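What follows is a set of notes on a single structure, which appears directly below.
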Amino acid sequence: MSDSQKSQNYTFALFVIGVLFFIFGFITWANSQLIPYLKIACQLSSTESYYVASAFFAAYFVMSIPSSFVLKFTGFKKGMSVGLFTMAIGAAIFIPAAYARSFPTFLIGLFVIGSGLALLQTASNPYAAAIGPKESAAKRISILGICNKIAGILAVYVLGSIILKDSDAFEASLKTMDEVAKNTALDALAQKVVLPYVFIAASFAIVGILLFFVQLPEVEEEQDILDLDALPQNAQVAAANKNVFNFPHLIVGVFALFFYVGMEVISYDTFAGLGTHLGYKLDISKSFATYTGYGLLLGYTIGIISIPRFISQRNALIVSCLLSIALVILVVLIKANPGLTTLHLFGSDFSLPTHPAVWIFALLGFSNSVMWPAIFPMAIDGLGKFTKMGSALLIMAIVGGAILPPVYGYISETIGNGQTAYLMMIPAYLFILYFAVSGYRLGKK
């Protein structure tokens with residue numbers, strides 16, 4: 001195959017993976033709207049509402065290793081199709097869950113969606129790293145990250161406008177109803193999610209069918225995908241090792257991703273709650289997660305331009321960790337000000353929050369943006385034939401999104417201050433900083 005043909009194949013493959021990352025973003029960020037929505041519809045406590053994230057992201061931990069075995073049997077492309085079909089089934093489970101207004105059934109649907117997504121991510125992330133020059137792996141993943149976050153922003157606007165429309169007025173009206181009228185109103189609210197998830201399920205199934213038939217270059221399992229530091233011994237080390245747990249830098253990378261995912265999920269799934277803590281109504285704060293998305297988009301764009309041309313992905317990761325720690329401290333220190341509400345632009349209905357804590361918290365999207373694109377390729381560097389299994393372990397680390405948001409919720413309820421509770425993010429960023437400074441080299445010669 002000529003170089004031009006290879007380039008065309010890789011460009012098309014990157015486009016297909018971009019579509020999949022769009023799907024990742026939409027369905028993952030939909031949780032930021034499901035959390036306040038199900039809190040109302042199923043009458044949940046704050047901690048219980050974060051079980052939405054727990055059910056969704058726990059699937060990564062449970063299913064990532066099985067996913068690696070599925071990929072050994074199916075290959076990357078067919079494995080991605082299986083993942084999409086699984087996600088379609090999970091989205092369809094929302095239909096009976098809505099009609100029964102059953103929170104456990106919603107959680108089952110979320111777990112099934114997360115299971116399909118685990119398979120999809122286990123295949124697509126190393127595939128994206130492999131289809132092109134290893135030096136630009138972080139840049140490719142950043143491009144895909146833009147697709148992911150654009151979809152996430154759309155999910156917040158689209159799903160929020162459907163299931164959380166007039167939510168403040170609805171909650172106020174519930175207080176005036178008797179038990180029968182209240183249950184009837186809550187049942188009607190729960191059923192608002194049916195049509196969107198019918199469309200989502202159908203979309204997953206259609207893309208899964210199309211993906212099954214398109215031609216994509218297959219990446220060999222034995223290929224040593226990345227060698228970021230150009231260490232000639234890496235391939236020899238990979239060949240000598242007998243199991244994936246013999247790579248210390250991978251294990252540290254798994255924990256780094258665990259903390260990163262937990263921090264990113266907190267940065268958008270708790271944003272509406274931060275807004276209400278600061279005094280904003282839910283009708284306004286429900287869209288605050290989009291500001292995190294815009295920050296991520298800005299960070300990805302800068303990363304594409306600057307990495308590795310002006311700064312290495314490792315140094316970018318170090319800077320991002322330090323910036324994140326500084327932002328968290330500022331968010332905690334800046335308290336509510338009754339005089340700061342919203343700014344209406346040019347006399348229109350479009351308004352922006354003016355509390356500085358909102359915008360500082362949104363900047364976590366910017367500082368977080370380089371973390372996944374940098375950690376993932378650094379962690380699978382030099383794994384050779386263990387790349388798929390290593391990828392599965394890294395995808396398991398997404399369980400951080402299941403564990404850490406409820407931890408935040410518990411701390412927030414215990415101390416009675418959702419703002420101060422964000423201090424729990426600092427140790428997580430410190431561990432990621434350790435990985436960027438020295439942990440990524442453990443076990444390498």
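Quick reminder: no glycine exception, Cβ is built from N, Cα and C everywhere.
Those TrEMBL annotations? Automatic predictions, nothing curated.
Look at TrEMBL and you will find 13-445 tagged as domain 'Major facilitator superfamily (MFS) profile'.
Summarising the annotation, TrEMBL assigns transmembrane segment to 12-30 (among others). Remote same-chain partners of the transmembrane segment (12-30), defined as residues 6 or more beyond its termini with a Cβ less than 8 Å from a stretch Cβ, comprise 56, 80, 84, 87, 91, 113, 117, 120-121, 124, 127-128, 131-132, 140, 143-145, 147-156, 159, 200, 203-204, 207, 211, 214, 216-217, 268, 289, 293.
As annotated by TrEMBL, transmembrane segment applies to 50-70 (among others). Residues 28, 31, 34-35, 38, 79, 82-83, 103, 106-108, 110-115, 117-119, 121-123, 261, 265, 269, 388-389, 391-393, 395-403, 405-406, 408-409 of the same chain lie 6+ residues outside the transmembrane segment (50-70) yet bring a C-beta within less than 8 angstroms of a C-beta in it.
Among the features that TrEMBL reports, transmembrane segment is placed at 82-100 (among others). Distant neighbours of the transmembrane segment (82-100): 23, 27, 67, 70, 74, 106, 108-120, 123, 190-194, 197-198, 200-202, 204-205, 207-208, 211; these residues of the same chain sit at least 6 beyond its ends, with a Cβ under 8 Å from one of its Cβ atoms.
Residues 13-14, 17, 20-21, 23-24, 27-28, 31, 34, 38, 42, 51-52, 55-60, 62-64, 67-68, 70-71, 76-77, 79-80, 82-94, 97-98, 137, 140-141, 144, 204, 219, 225-226, 376-377, 380, 387-388, 391-392, 394-395, 398 of the same chain, all 6+ positions outside the transmembrane segment (106-129), place their C-beta atoms under 8 angstroms from a C-beta of that stretch. The transmembrane segment annotation in TrEMBL covers 106-129 (among others).
Residues 14, 17-19, 21-30, 32-34, 36-37, 125, 128-129, 189, 192-193, 195-196, 268, 282-283, 286-287, 289-290, 293-294, 296-297, 300-301, 303-304, 307, 365, 369-370, 372-373, 376-377 of the same chain lie 6+ residues outside the transmembrane segment (141-164) yet bring a C-beta within less than 8 angstroms of a C-beta in it. Residues or ranges marked as transmembrane segment by TrEMBL: 141-164 (among others).
Taken from TrEMBL, the feature transmembrane segment applies to 194-214 (among others).
The transmembrane segment annotation in TrEMBL covers 250-268 (among others).
Marked as transmembrane segment by TrEMBL: 288-307 (among others). Note on the transmembrane segment (288-307): residues 29, 32, 138-139, 142-143, 145-146, 149-150, 152-153, 156-157, 267-269, 271-272, 274-275, 280, 313, 316, 320, 353, 358-359, 361-370, 373 of its chain, located 6 or more positions outside it, place their CB under 8 angstroms from a CB of the stretch.
Long-range Cβ contacts of the transmembrane segment (316-336) within its own chain (Cβ-Cβ under 8 Å, at least 6 residues beyond either end) map to 138, 263, 277-279, 299, 303, 306-307, 355-357, 360-361, 363-364, 366-371, 374-375, 378, 419-420, 422-423, 425-426, 429-430, 432-433, 435-437. Marked as transmembrane segment by TrEMBL: 316-336 (among others).
Annotated transmembrane segment per TrEMBL: 356-380 (among others), in sequence order.
Outside the transmembrane segment (392-411), and at least 6 residues removed from its termini, the chain residues within Cβ reach (under 8 Å) are 46-47, 49-51, 53-58, 60-61, 64-65, 67-68, 118, 121-122, 125, 244, 250-251, 253-266, 269-270, 376, 379-380, 421-422, 424, 428. According to TrEMBL, the transmembrane segment annotation covers 392-411 (among others).
The transmembrane segment annotation in TrEMBL covers 423-443 (among others). Outside the transmembrane segment (423-443) by six or more residues, the chain places 229, 237, 246-249, 252-253, 255-256, 259-260, 262-263, 266, 314, 317-318, 321-322, 324-325, 328-329, 332, 371, 374-375, 378-379, 381, 404, 407-408, 411 with a CB less than 8 A from a CB of the stretch.
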